[in-house]
């Protein structure tokens, strides 16, 4: 028992993080990583750890997932989420869901309480009701900032593409003391997207993939590009060919950039507990905990390190 040293890695989205939001993004990924690690330290499962880390970021308005999600063309929040268990390749996902505070919890229920892997729109909503998940009025998921962006993007001379750079999908990957891996990803999607648009996040192999034989990964970035190259599965393929997590991540991101002109970011953990957080965008907020050491950053080459005890102390005092 307890052969593996547990590891968790989280991301808060790749893209461009506006100066005034940096601190909040950093604090948010650190908090999520510490919460997930807490579960792993108590011999909890990788699955519980990634779900908890993602739930923490869904509840944080700094990220484009759950509360704080961007709005579609009609001014509504429509969210996608996925979770996957590396032990048996079980997965659950939801797409285009509204009026739910934590899509990742619903994805987990799809995985465990149905024979299906992906529920969408109204069907996902009916299932949530059947599972006793309370309805959250859509308006309560909308932040002032999301509404302002939506309005700006509606102006005739606006360029929504400009804002897409600030993507903010959230995700987590982990390996627990039993050596099981898991991934979870959640997003509000693209600002001013068409109603019913579903990106990479809900798609197994694109938004995330986990397999005990190789490892786990969660992706963020331009969804349509990620889907074209099936980015998450591509990274694990490279690891199966013997690449390190970092090398596999860089190789896959590079391929996506040269082949389809897409930018993004990924977090990876392999089945021996090595991890990576890599991105081809300007920034990606990320944090990881391994051996009771917390590492985190936003810019390329940036890496802060603290002991978990130190981090938990400053966490309770507020950053």
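Backbone N, Cα and C atoms are what each Cβ position is placed from, and that goes for glycine too.
According to TrEMBL, the active site, nucleophile annotation covers 169. Positions annotated as substrate binding site by TrEMBL: 197, 198, 199, 200, 220, 221, 222, 223.
The most densely surrounded of the binding-site residues 197, 222 is 222 (count of other Cβ atoms within 10 A of its Cβ). Here the Cβ of residue 198 (substrate binding site) has 21 other Cβ atoms within 10 Å, regardless of which shown protein chain they belong to. In sequence order, 206, 207, 219, 223, 224, 226, 227, 231 make up the list of same-chain residues 6 or more apart from residue 200 (substrate binding site) whose Cβ falls under 8 Å from its Cβ. If you take the Cα of residue 221 (substrate binding site) and the Cα of residue 169 (active site, nucleophile), they are about 8 angstrom apart, rounded to a whole number. Here the CA atom of residue 169 (active site, nucleophile) lies 15 Å from the CA atom of residue 197 (substrate binding site).
Here the C-alpha separation of residue 199 (substrate binding site) and residue 169 (active site, nucleophile) works out to 11 Å. Counted within 10 Å of its Cβ, the other Cβ atoms near residue 221 (substrate binding site) come to 28, all protein chains included.
Other Cβ atoms within 10 Å of the Cβ of residue 199 (substrate binding site), summed over all protein chains shown, number 24. Cβ neighbour count for residue 169 (active site, nucleophile): 33 (other Cβ atoms within 10 Å of its Cβ, all protein chains included).
When the Cα atoms are compared, residue 222 (substrate binding site) and the residue listed as 'active site, nucleophile' turn out to be 10 Å apart. Ranked by Cβ neighbours within 10 A across all protein chains shown, the binding-site residues 220, 223 are led by 220. For the pair residue 220 (substrate binding site) and the residue listed as 'active site, nucleophile', the C-alpha distance works out to 6 angstrom.
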